[in-house]
Amino acid sequence: MQTDRKQHGAGGWSPLNSDKYQWLEVDLGGRTQITAVATQGRYGSSDWQTAYQLMFSDSGHNWKQYRWEGHIGAFPGNSNADSVVQHKLRHLVIARFVRLIPLDWNPNGRIGLRLEAYGCLYNSDTANFDGDSSLFFKLSPRPIQTSAGSIYLKFKTMRNSGILLHAEGQNELSFTLELQKGQLLLLLRKGRSLSVDKLHLESLGSLLDDQHWHLAAVEHHSSNLNLTVDKNTKWVAIPPWFTHWDYDQMTVGAVQNRSSRNSNRNFHGCLENLVYNGLNLIELAKQKDQRVTVMGNVTFSCSEPVYVAVTFTGPQSSLRLPGATELHLAGTSVELQFRTWEKEGLLLTFDLPKREGTVWLHLKEATVYLQIHTADRAPLELKAGSALNDGQWHSVGLKSGQEDLTITVDGTTGASASPAYLITPGGQLFFGGCPAVGNSHECRNPFKAFQGCMRLLTVKEQLVDLIKVQQRLMGDYSNLQTDMCGIIDRCSPSHCEHGGSCTQSWSTFRCNCSSTGYSGATCHSSIYEQSCEAYKHRGNTSGYYYIDVDGSGPINPQLIFCNITEDKTWTVIQHNNTELTKIQPSIERNQHFEYTVNEEQLLAIISQSEYCEQELTYHCRKSRLLNTPDGAPLSWWVGGPGVGQRQTYWGGALPGSQQCACSLQENCVDHKHHCNCDAEHTAWVNDSGLLTHKESLPVRSLVLGDVQKPGSESSYMVGPLRCYGDNSVWDSAFFDKETSYLHFPTFHGELSADISLLFKTTSSSGVLLENLGIRDFIRLELSSSTEVLFSFDVGNGPLEVRVKAGVPLNDNRWHRIQAERNVREASLRLDELPAATMESPADGHIHLQLNSQLFVGGTASRQKGFRGCIRSLRLNGITLDLEKRAKVTPGVQAGCPGHCSTYGALCQNQGRCVEKTKSFSCDCSSSAYTGAFCDKDVSVSFKPETSIRYIFKEKLVNESNRRSSSPSSPIMPNMNLRAETISLSFRTSQIPALLLYVVSNRREYLVLLLNKQEQLEVRYRLESSKEEEILRSKVRNLADRQLHSVSVSRLANSVTIQVDQHNRENFNLTSGVEFNDISSLILGRFHNSPDLDPELAQLGPLGFTGCLSAVLFNSISPLKAALLRPSTSPVVVTGPIIQSSCGSDSANPYAAENTHHQSDQSGSVGGGQPLLNALRSDSALIGGLIAVVIFGIVSALAILARFLHRRKRTCQNQELKKTEDNNGLQFASQTRYGPTENQKEYFI
């Protein structure tokens, strides 16, 4: 009992001084299981404590603070002197001594206390090992071989390393429990080899060398082990060779039974209640059982070495010890041990005699530094050690003599010097830091204060009695905890999720989330979207993206291809063989497919998708597929989750039908069979179709039966898995009343909780989500029209995180909220605004304990409910099915239309947002662009003979190169224009060059061209009886092989021209204002027209050489019509048309065009034979020879055609050359732009 003097009066304990350094200590007489404590104030007084802490000890030293949730627990005390306040401990404590430390008390009185502890005596079997002793157990007869077993024990030690036990059994299997650097290691081994494939190592725990009891347990279950240290359990998947738990001998306290003495790996400390498969081994040893051999001095009681430690808890902590009373000419020595997580901190400082200088011994970058500053001398600096902030005990010593100065770290001399002056304290010694201002005793600390533990302080080879310091009989201290080390390993177990690495300081920890794919204080929240659909809503186009299907859940993100089209967003998952593959008679019948994503990711994508498909194809010649529906099928495939289910239907047919698509379509080659291949035709046929039954996907293997018959040939193809529609993205509900809500099971987010959702509303406030506990709660709400509030309580009092938007949030547009709460901090993010964060209280409660239903869109009180839409609600990566619950809940409607108000801006280049029941799309029909967001330009590389004519009005056209499949052009009424808008981009080196020509049936026209000065000219002729009008831009050098954009708009007689980013140029026409009866628009080459000016007439036959992109005349895009819809659009194409990429920034213009050619190739040869990968075919050599012959013939014809074409063009150029001097237009002799050599030509 820590009292200097008792107060007069009866009925309780009250110390002389009421301050934070007082305590009440109780000896229970023996180790006791303590379950509860109760307190009262001092009888008949105003003395009571209002808050207190508890500490426990087995020996009266080395105290341990009572903690729960890994943090120091403070108990509420009394509110008067008479009432009893009892607290049941959340976990029982086994100790002999109890110490109560008042934290706060009645401000109108003093500390006053009556204390009662509840529990019962604790009995155990204990063994003490001194490092030279061990126990050897021979477990005979040999136990029955079993796949289950267990071992339990408790241990306490002050050494951070040592063997606890080593067991061996049949099949040379062994396991070892060993302490190493304060961690418990479990080593599984087969044989004596150190081979990696015969070793398995796991670790758990930290700081286990604190001389407190720790529980260790290993539980063996058929395929795994549970390794437990104290309250933390680790699930361990055991190697396949570690099959049985059948050990017949065990050594405790040493490596093995005979050569264990004097080994530095032996255990120093105590073991308690060592139980192996229900057998108490220490009890056997105490009974001197014949199966036990005792080696060395093993005693059956636990010795308690006393090492008094002190804890420097914060920046205000310090310890002052008296220095020498007289000058020691022989020098001085100071030694200590410390443990810390901090890289920096003052260990020791003192002044030299007569204050001629100062000595600092401190940590810097986890290295010990000694710095000495003296007047009129250069500073002296020594350093030693490294990585000393690892939480282990380290010793450091400072020793000075008349001629030398050394510092040692962990018993090794780290640095030395020979100063010309004596290093000895001239006064007080200060450890850890300096006292508060006004009581500093001339202490100066330019460094950070030390936070950590110290023990075994020795000054001039005399051990400092820290208990006397605690009793203030020697020296002084402030904010110091004596006779205990309060270090905590905040990284064991680690709160860093998803592989994040944990580092810590004395008071907190940090997670390094780099390369994990997750973010936040604990690496909890995924930085990736959960689906391709979600990426689309961020404006992303087709490409490879990391997909994290469960957000913060355990499934890791993986790289997946997203094919984002105008209509749908496809998730494409490849496997190891998506090519058409010929069946070899010698290969396995069973073909297995391995997918590029893991199993959990694969099944999650299929589950959350609206639709999935996988193409299944079989090409055959005299090779049956399914045979008849009445017999056993010759072939089948396996699909579905896990190992999959056997399926006997083929692509395009119904599940379980044992049929192919042709049977469903009633077009099989033989109506007697349900598959084309079952007819056994000698010609190539195929059975192909899509598998769309999600429960049977993906295809995991394929078994083909009729492949070894003489004369039969076959090949197969299993396409990639393709899915679209993410149900979780569009799952939504509409709450039309403030009293409406949806309820779900309790949200379990004890240590980490993340919430993400989208909402839209016209209301100014409302609770979006709420879940309550007895005291804890979590809530997300729209607190005002411009603010979102995230609040919760985990037992430390309510905390709030707010984000204020600069615009109203009740604008009926979708807004995204992401909230997260973990043991380190809480964060809240709204849309793309910066996240607001709030740190969690240090050493506070960390578990969020909820027990009521989760309310969405309202509260349990039915007040402050939300009116509006909530969509895509995910809690800890799990999507709540709002629509399913809304369908059975009054006042809530399933689904929420209206997406274009939010996502319409994603549609670019005059694309129009189209609403869908779920999702939206961009209509690019009035745009020159294509793609999911009308952002992909349509570009064509033109050759001189290329021509694209778009026909506006019905006209008899007799052109030999017109596609026979093109329908007659539709009649477009009222093609008399008073206004038009033209936009296009081009890249060329040809001058002059005709870019665009629009002609009417009344000899009126509109022309865009580059003149010989490389300027843009716009020529109008809107009255056939008048001359054309030329509008010339001032921008030059447009034939420089760079991409240029042009915009021309006319309203009546007012014309505006803009080139690239230059200023707009305005012009006025003097002729007519109406463009009458326009008939066609032409890009590229056209024949001479008698209606054209003679100068322009010469340009038509030359065509255009270069690249045109994004051509738009009002809402008509001739390039899109020619490339994407040639058979359904009123367009006529002659010559080669090459899809290109005009916008490439490549320095080489020829390499810049990534071309795709229109071709009528069907992809099959030889009467429907599949076109196979040459490497997969036995006929590769023959096919190669045939291909060479065909290629030679085609090449000869191509050379001949090119020769004739060039000859014709030469004649044309010669004719043009003759007229150049007369008409004044000078043509470049050579064009500097054209297709690359590897570009193929297809003449249409």
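Including glycine, each Cβ sits where the backbone N, Cα and C put it.
Annotated by TrEMBL as region 'Disordered', the relevant range among 509-531, 1061-1083, 1084-1106, 1222-1244 is 1222-1244. The record in TrEMBL pairs Cys896 in a disulfide bond with Cys869, which is drawn from Cys723, Cys869, Cys924, Cys934. Counting only same-chain residues 6+ beyond the ends of the domain 'EGF-like' (897-935), those with a CB under 8 A from a CB of the stretch are 533, 536-537, 539, 541-542, 564-567, 569, 610, 725, 729-730, 760, 812-814, 983-984, 1110-1112, 1115, 1117, 1119-1120, 1124. The average pLDDT for the domain 'Fibrinogen C-terminal' (523-575) in the predicted structure is 93. The residues of the domain 'Fibrinogen C-terminal' (523-575), classed with DSSP into helix (H, G, I), strand (E, B) and coil, number 5 helix, 20 strand, 28 coil. Under DSSP, residues within the domain 'F5/8 type C' (1-120) fall into helix, strand and coil as 0 helix, 64 strand, 56 coil.
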